[in-house]
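What follows is a short report on a single structure.
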């Protein structure tokens, strides 16, 4: 207890003038105050803390977010929800959770990873426990692969040591130089610890356009045969996706030991979005901006998008990626309509 006494003299500079009984009382009060201020519940209400062991995700809230903000992706929502909740509820997972999200741009891969990050760490991408890597920004040079691998291992090791439930998101995997991502293979494997650090509570997420053509073809085949897109199951796409990405030199996972060792828990396909899904995105964006939803404007924005195949025009070739920019063009009309309704 000796080292704490000087602190108490600082907290209560008048201690020296007090009688022994008063000094004892003052020290007791100061000790209680110090204990209260340092209690995790109080401290973590002002400073971001790593979640405690046993802290579970709110399944109802996560499902509600996915249902209200992610459109046209029944497979991705179902697979990720079950995978994440199962992982969160497991007190002793054998390995980290590893998800690989695939599909064309604008289909919701980034969006889903952000929603997931926010439910693990409320600050989301602003959290010091959520780490986003962009292949073209963080690993741009093919002649520095060895350096990148060393840096990546050091970065992950340090951050998981600080917070076991860290989240790592690797975007633009299809632009990642082959071999770089294999640096994290030891952290994804079935090890209790690696050099004294356990990675079993961490979450790793890959985002990639690779495999998007395979997914689009499968979706179109279902449509051509008269089947509902909602009838597409993971088993219809995951084996095709895994093999396709493994053999794709431009996937970032070409002949990767991560796939070879079956360390990716789920290959999650994001289906191409139809006209009706684009309209859902427009409505959500209008609501997010505080605008009244005008169906004429919703229709106009959706119609301005380009669709494929050329003849049938079923799927948006940019998903919902340019909805915000398209809506900006209609800003005056939207604001005028909102004021009129107000």
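Any Cβ shown, glycine's included, is placed from N, Cα and C.
Here is what TrEMBL records for this protein:
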BINDING   103, 104, 105, 106, 107, 108, 109, 110  ATP binding site
DOMAIN    273-328  domain 'Torsin-1A C-terminal'
SIGNAL    1-17  signal peptide
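Location within the structure of each feature annotated in TrEMBL.
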| residue | record | Cβ within 10 Å |
| --- | --- | --- |
| 103 | ATP binding site | 28 |
| 104 | ATP binding site | 22 |
| 105 | ATP binding site | 15 |
| 106 | ATP binding site | 22 |
| 107 | ATP binding site | 32 |
| 108 | ATP binding site | 27 |
| 109 | ATP binding site | 28 |
| 110 | ATP binding site | 17 |
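Mapped onto DSSP classes, the domain 'Torsin-1A C-terminal' (273-328) shows 30 helix, 5 strand, 21 coil.
Apart from the site residues 103, 104, 105, 106, 107, 108, 109, 110, the chain places the Cβ of 111, 209, 270, 319, 321 no farther than 8 Å from the centroid of the site's Cβ atoms, the recorded ATP location. Residues belonging to the domain 'Torsin-1A C-terminal' (273-328) score a mean pLDDT of 95 in the model.
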